[in-house]
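*Asks:* I have a structure I would like to understand better, so I am pasting it below and will then ask my questions one at a time.
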Amino acid sequence: MEIKNSPSSLTSPASYNCSQSILPLEHGPIYIPSSYVESRHEYSAMTFYSPAVMNYSVPSSTGNLEGGPVRQTASPNVLWPTSGHLSPLATHCQSSLLYAEPQKSPWCEARSLEHTLPVNRETLKRKLGGSGCASPVTSPSAKRDAHFCAVCSDYASGYHYGVWSCEGCKAFFKRSIQGHNDYICPATNQCTIDKNRRKSCQACRLRKCYEVGMVKCGSRRERCGYRIVRRQRSASEQVHCLNKAKRTSGHTPRVKELLLNSLSPEQLVLTLLEAEPPNVLVSRPSMPFTEASMMMSLTKLADKELVHMIGWAKKIPGFVELSLLDQVRLLESCWMEVLMVGLMWRSIDHPGKLIFAPDLVLDRDEGKCVEGILEIFDMLLATTARFRELKLQHKEYLCVKAMILLNSSMYPLATASQEAESSRKLTHLLNAVTDALVWVISKSGISSQQQSVRLANLLMLLSHVRHISNKGMEHLLSMKCKNVVPVYDLLLEMLNAHTLRGYKSSISGSECCSTEDSKSKEGSQNLQSQ
């Protein structure tokens, strides 16, 4: 029986979800995370942002057909189909960008899924192995397949030389690497490169090309046939394209090392400034403090800071060029020291107080409610006072914190076959950061002898920082064993790694490596079983 006056174009809810899954970007709320943290420094920040690293949130068509947009996560990658043996977090694209990563990492927003994963070193490996932040391809099937040039922010015509780029920047980079042009910036090597001003300075444009990850080996074969017309492509194809580019670029490990060599100490310091994580907020518990409430606040804060610490480490030039195992070991060895030196820097202008967070400021006497923590508070205040006497500058703090990371591991970082290459890379990176610290001190206007004394004083304080971090680690482990406070997520993983490393310290180096490798394999098998 034919029903008249029935609109033939009426779509059922099921078909509506599929056909309307792609909406115009301009109709949805836009979330633009920023990797710049305002701080006290005397140099203008070098911004390496581009729309290629922006996340867009498109209003969902399901459950809200009346027109009101539903807030969605800015990290749609957790919605992608997994590869079978990996978790949704492991499907994040592995971007080669070092400088264009926003602070608000997608996997940080998806942390609610992490409690389903086994807590072991494999979790940290996945966080380091992934981009940890927005990659050039961030649109799932529910968004338009638009990309932007990582250099000038114009619409990208394809995937050229390892990054999404427009025809103009692709041609410019091709001419530059073929013609060996030695460009000179007429200004201060900080020219803004965007769609309208990309032709104003060739030197800064070429520098920007290298900074966003353009490499000579990223040939025209990696274009993936992308056109700027609104042609749909599945997320799996995009991930495959990026993985192919990373495999090709892996054959030229010297490219990123040459980029690090080309950075002056001033540029390296500015890069460390751009990598600084944001301030983390934690709600202050109701007064008065109890042992449980204070430890709960401190552990929650530490877990949040660890998330940002991984993103900070990956933005240090050359760190991601180390093997994944080396990155994991360095972070496992220094995370408490990095947290401690950050606490000291925040507290340097507040004598007698510890600024754990902008909304969590503690006096010395407030630590009396927690057994054993008062001694740690005294050590923190004493070392902070010493930094205050030296009038520690922000740029010196940036270099010192990076040195703590790179000089943290006391154990072999690789197997015998890889040890020489790994040691060379790490030493080269540590020397670059040390040179940057020497350059910062030289700009203070003091004599050469005073510069040497100041450098020695700063480096000697690092032993105090490590001593305090060891005390803090022991105290946190005791609180965990006494069940004073529950420890979850990344903080628990770091504590377990510290305990395992302490157990292995009495074992020979070969046995230690074999035990650790077997532990990593067990973690991988546990992930596959889930």
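Placed from the backbone N, Cα and C atoms, the Cβ positions cover glycine too.
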*Asks:* Among Ser75, Ser105, Ser264, find the residue to which Swiss-Prot assigns the annotation phosphoserine.
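*Replies:* Among Ser75, Ser105, Ser264, the one Swiss-Prot marks as phosphoserine is Ser105.
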*Asks:* Run through Ser8, Ser61, Ser506 and tell me the one Swiss-Prot describes as phosphoserine.
*Replies:* Ser61
*Asks:* Check each of the ranges 149-169, 338-358 against Swiss-Prot and return the one annotated as zinc finger.
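*Replies:* Range annotated as zinc finger by Swiss-Prot: 149-169.
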*Asks:* According to Swiss-Prot, which stretch among 110-134, 185-209, 235-259 corresponds to the feature zinc finger?
*Replies:* 185-209
*Asks:* Need one number: mean pLDDT over the zinc finger (149-169).
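*Replies:* It averages 89.
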*Asks:* Over the span of the zinc finger (149-169), count residues by DSSP class, listing helix, strand and coil in order.
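*Replies:* Per-class counts: 3 helix, 7 strand, 11 coil.
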